[in-house]
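> Quick one: this structure, given as structure tokens, is what I'll be asking you about.
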Amino acid sequence: MAAVEAEKVVAELRERCATPASLLRDVAAAMAGEMGAGLEKEGGSRVKMLLSYVDKLPTGREDGLFYGLDLGGTNFRVLKVHLGGSKKHVVNSESREVSIPPHLMSGTSSELFGFIAGELGKFVAEEEEGTDMPNGKKKELGFTFSFPVRQRSVASGTLVKWTKAFSIDDAVGEDVVAELQTAMVKQGLDMHVAALINDAVGTLAGARYYDEDVVAGVIFGTGTNAAYVEKANAIPKWEGELPNSGDMVINMEWGNFYSSHLPVTEYDEALDKESLNPGEQIYEKLTSGMYLGEIVRRVLLKLSLQSGIFGSIDNSKLKTCFHLRTPHISAMHHDETPDLKIVAEKLHQILEITHTSLEIRKMVVEICDIVARRAARLAAAGVAGILMKLGRNGGINNQRSVIAIDGGLFEHYTKFRECLESTLGELLGEEASKSVAVKHANDGSGIGAALIAASQSR
């Protein structure tokens with residue numbers, strides 16, 4: 001009886017999470033439509049389509065010494081990149097990761113940026129001899145800042161709000177570049193912030209440096225976002241003179257995309273309702289690493305309560321939100337042992353579910369597969385939407401298009417990555433697929449910042 005009830009839960013999940021190619025094409029078309037609406041006017045779409053003010057991407061010919069600062073969570077990274085022009089590319093690079101003391105994450109703006117500038121100063125001071133800048137030229141820094149900002153130029157942006165574990169009230173509404181610049185002056189650090197970017201723009205820049213056919217940078221990690229190169233004359237909301245390059249990098253903020261075509265289940269609806277931002281970031285909640293483990297946990301809880309298939313267990317761990325994380329479901333999903341030993345271990349260690357039969361473990365793997373496959377297929381539909389907007393989804397003009405993807409989910413969850421890539425091929429068709437490539441762009445957010453500083457270099 002328990003097995004029949006359990007199978008009902010899984011069958012319903014399978015049906016509700018189905019992503020046939022026809023539905024995915026509708027999702028891709030909806031994404032392209034929202035992109036157009038967001039470019040039309042401010043607030044015209046749930047997808048913000050923010051101007052990054054980056055109109056020049058690296059070409060691979062840049063040379064000199066450039067710095068990057070990457071702040072997006074409880075750690076930040078500082079890095080130095082020595083570029084050797086088109087023949088040598090990156091001659092060498094060094095980086096250091098620094099933990100931010102917790103009290104600074106809710107202190108004042110000057111304390112946080114003072115600490116960051118101090119660490120940056122130490123990093124710069126430890127350089128070898130012979131790396132002085134020529135003719136008293138200032139050192140150039142690219143700043144990756146992965147929090148919501150409103151930009152008005154390539155090197156300025158006011159903080160809209162903090163996310164993650166930060167709550168520094170006096171920084172909200174302030175220009176984060178000016179705050180950093182002031183802190184660097186106080187440290188006696190002769191450095192100029194050449195560009196303020198986010199991790200998606202950094203991924204695009206880092207990949208473009210090596211390959212001029214890269215058209216978009218996409219993040220599938222804890223969260224998700226995308227940035228791509230748009231023709232400046234295709235942005236009706238652009239005010240002022242068009243850039244000489246004729247291009248503009250758009251930071252899509254596509255995590256907030258929504259369409260009635262998205263296959264949303266009761267588990268997604270409950271997760272959204274209980275989240276800090278109900279009704280927001282629906283696409284992100286279906287496709288990113290922050291949420292996949294949590295969706296699976298909710299399914300397993302229903303399975304336990306409705307069918308009793310796990311026996312008389314204490315459901316307290318199974319009832320704890322975010323207790324099951326995406327790396328756990330990835331480990332279970334990739335379990336290739338004949339008796340699914342890893343699945344048994346994870347269920348026991350994390351959820352205190354013991355004595356499972358092989359049939360039950362297979363059911364758990366199937367649930368992981370349904371949730372991860374839906375995420376990967378919807379992720380591919382988003383990428384197809386960008387290609388559709390750019391007219392690169394298989395028209396007559398089959399120029400090569402490369403999508404650079406970074407983020408832990410894409411990098412470490414093999415079945416997610418493989419499913420995304422094969423689904424993109426399915427949506428584009430055999431002919432168009434020949435001219436589209438997906439590349440893993442490792443560490444875009446760090447090195448990308450330094451490379452954009454180089455491409456903006458005066």
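Using the three backbone atoms N, Cα and C, a Cβ is placed for every residue, glycine included.
So Swiss-Prot lists the following for this protein:
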BINDING   Gly73, Thr74, Asn75, Thr222, Gly408  ADP binding site
BINDING   Thr163, Lys164, Asn198, Asp199, Asn225, Glu253, Glu284  D-glucose binding site
DOMAIN    4-454  domain 'Hexokinase'
REGION    59-197  region 'Hexokinase small subdomain'
REGION    198-443  region 'Hexokinase large subdomain'
> Where Gly408 (ADP binding site) and Glu253 (D-glucose binding site) are concerned, what is their Cα separation in Å, rounded?
18
> Validating a neighbour-count step here. Other CB atoms within 10 A of the CB of Asn198 (D-glucose binding site): how many?
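Within a 10 Å radius of the Cβ of Asn198 (D-glucose binding site) lie 27 other Cβ atoms.
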> Find the average pLDDT over the region 'Hexokinase large subdomain' (198-443) in the predicted model and report it.
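Mean per-residue confidence for the region 'Hexokinase large subdomain' (198-443): 95 out of 100.
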> Using DSSP and collapsing to three states, where does Asp199 (D-glucose binding site) fall: helix, strand or coil?
helix
> So which binding-site residues out of Gly73, Thr74, Asn75 end up within 10 angstroms of Lys164 (D-glucose binding site), measuring C-alpha to C-alpha?
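Near Lys164 (D-glucose binding site), where near means Cα within 10 Å, the binding-site residues are Gly73, Thr74.
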> When you rank Gly73, Asn75, Thr222 by Cα distance to Thr163 (D-glucose binding site), which of the binding-site residues ends up on top as the closest?
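Closest recorded candidate to Thr163 (D-glucose binding site) by Cα: Gly73.
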> I'd like the Cβ neighbour count for Asn225 (D-glucose binding site), meaning other Cβ atoms within 10 Å of its Cβ, all protein chains included.
24
> Cβ within 8 angstroms of the Cβ centroid of Gly73, Thr74, Asn75, Thr222, Gly408: which residues besides those meet this for the ADP site?
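Other same-chain residues near the ADP site: Gly72, Lys164.
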> I'd like to know which of the binding-site residues Asn75, Thr222 has the most other Cβ atoms within 10 Å of its Cβ.
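Going through Asn75, Thr222 one by one, the largest Cβ count within 10 Å is at Thr222.
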> Starting from the Cβ centroid of Thr163, Lys164, Asn198, Asp199, Asn225, Glu253, Glu284, the recorded D-glucose site, name every other residue in that chain with its Cβ within 8 Å, sequence order please.
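What remains near the Cβ centre is Gly72, Ser146, Phe147, Pro148, Ala200, Ile219, Gly223, Gly255.
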